[in-house]
Amino acid sequence: MDNIRNFCVIAHIDHGKSTLSDRLLEYTNTISERKMKDQALDSMDLERERGITIKSHAIQLNYPHSDGTTYTFNLIDTPGHVDFSYEVSRSIAACEGALLLVDASQGIQAQTISNLYLALEHDLEIIPVLNKVDMDSALVEESTDEIVDLLGCAPEDVVLASGKTGFGVENILSAIVERVPAPDGDPKAPLTALIFDSVFNPFRGVIAYFRIFNGTLKKGDAVRFVHTENEYVADEIGVLQLDMHPRESLSVGDVGYIITGIKVSKEIKVGDTITHVENPAKSVIQGFEEVKPMVFAGIFPIDNDDFEDLRDSLEKLQLNDASLVYEPESSAALGFGFRCGFLGMLHLEIIQERLSREFDQEVITTVPNVSYFAYTNRAPNDRLIINTPNDLPDPTLLNRVEEPFIQAQIITKPEYIGGIMTLCMDKRGTMTKQVYLTTERVELTFELPLAEIVFDFYDRLKSISRGYASFDYTPLDYRESDLVKMDILLNNDPVDALSALVHREKAEAFGRKICKKLKELLPRQQFKIAIQASIGARVVARETVSALRKDVTAKCYGGDISRKRKLLEKQKKGKKKMRQIGNVEVPQKAFLEVLKLDD
Ligand SMILES: Nc1nc2c(ncn2[C@@H]2O[C@H](COP(=O)(O)OP(=O)(O)OP(=O)(O)O)[C@@H](O)[C@H]2O)c(=O)[nH]1
């Protein structure tokens, strides 16, 4: 136990976590150079392509220290994006120490701070690492000063490193031995182990990753997962190097995996406690939460016949992504599909991309919305959860609506404060704090409705600040809000998939923008198309797409029938990505593009 060190790496996105983790693996010969693919820890293709870590992973390293002892390190990798912050918090809870990476050319950013707070909440020993010092644009002194200010540490506590060249890796490893405390706990006490992650393996079922705080777990033991109240036999336990290495027993401080024959990810909850069926622990590990989807959207097959295939694909996706939730939904405009819940917009995009890539399913995603509370007049506190605008009760029944608010942290340069404040106020936000980190960088805190940041907030923030703003958020609470349902009609047919809940004050402007945008997105057809936005019976905006007689074969006068046929086929194919609404054809991409309402 004295020779174990459990640590994680926390950083703002793109500050070099994966690259540095690779260097640590290489230096400790955990992975041979031949096997070394860039970013070995990011095992999903999609992760590697997007260069982001979606799922956290754990890996064991052996490090022979100059004191003559070989230490066992468990490195727990954490996802870097706000959508996955609950997983970050569970990974952190499994460690005693954290490497806090800061990109020397960027300095401290929003997620550096939010991740640091998470680590401090769990009393982790923080080792600050100034990364990417090889870069010409590295501001070593300034960034060190920022870290010293933030942590209240001495400048010599900051380890300089480069994941690219390998500089500083030895110093990091010895700092882990010297500064991170060894785990403590009682191997003879009742078992408590924290599940911090799980993965789906098509051959072995669901594999849960855990960290033992007390007690000893042996192969074949009968175990109970406390929150789900399920009992299993530990068919196989072991430690994670690049592959799984089975062990007969694991004890205090160990990080490992357990296989119990579970077939679906939903059965395992990250944050749950594992204990024994016999002699169970009296207390559970604190901090368990059910992960709640934050953003909802309808997903519909382009062709209604593909509905069952879509159901199969979603089922398979959910096997290894328990945070995806879905239920069947029907839309007058789009037919049968599913209302899906996601952790955030990135999660939504990832699911959409995986559907297309892994299952060859092209889908229509409807306007995403957050989850609202609607209180009716039927009884005091009769509360409905509204995950789609179409579920909103009739205005005569409706008492009030509440919407989720978040606290947002933005770090930027002083010259962009004005623009960012205007943006946040436009998004119905209020500023609650402004702190100068240095003369050159300032941290702003806002309270904002989540619905307002779901769409195009991040893009606009980036353009206002020319990329010099980082952003992170945490959920706050639900607040009463004056929301109305806006319907969109095409030639008088309401398109339920385009309905949205919007704040009353912004409704008209929103309606006008959406009609204008739709006018750009709808191809001209052989008749006039009237686009209208309405609140109840009141039309608040209108645009018209004028008619066009489109004859694709007109060019091929003369008798070449095969060429004509080819063109017609091509046109038919193009149409497959269209949906017929009333008599109007709407391209697939219009449903998502329509909300990108940059001015
Ligand atoms: N010059 C230089 N570039 C680096 C260094 N470390 C990482 N990079 C580059 O910075 C980019 C981001 O590195 P990653 O390791 O993917 O960053 P990350 O923090 O793991 O990213 P997320 O997992 O998405 O949070 C990549 O293009 C790397 O090649 C370094 O020490 N020096």
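Quick reminder: no glycine exception, Cβ is built from N, Cα and C everywhere.
Unlike curated records, TrEMBL annotations are generated automatically.
Here the domain 'Tr-type G' (2-184) returns a mean pLDDT of 86 for the predicted model. Under the heading domain 'Tr-type G', TrEMBL lists 2-184.
Classification of Ser18 (GTP binding site) by DSSP places it within a helix. Feature annotation from TrEMBL assigns GTP binding site to Asp14, His15, Gly16, Lys17, Ser18, Thr19, Asn131, Lys132, Val133, Asp134.
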Ser18 (GTP binding site): tally of other CB atoms within 10 A of its CB: 22
Neighbour tally for Asn131 (GTP binding site), based on other Cβ positions within 10 Å of its Cβ: 32
Greatest C-beta neighbour count within 10 angstroms, which of the binding-site residues Asp14, Gly16, Val133: Gly16
For Asn131 (GTP binding site): DSSP state (helix, strand, coil): strand
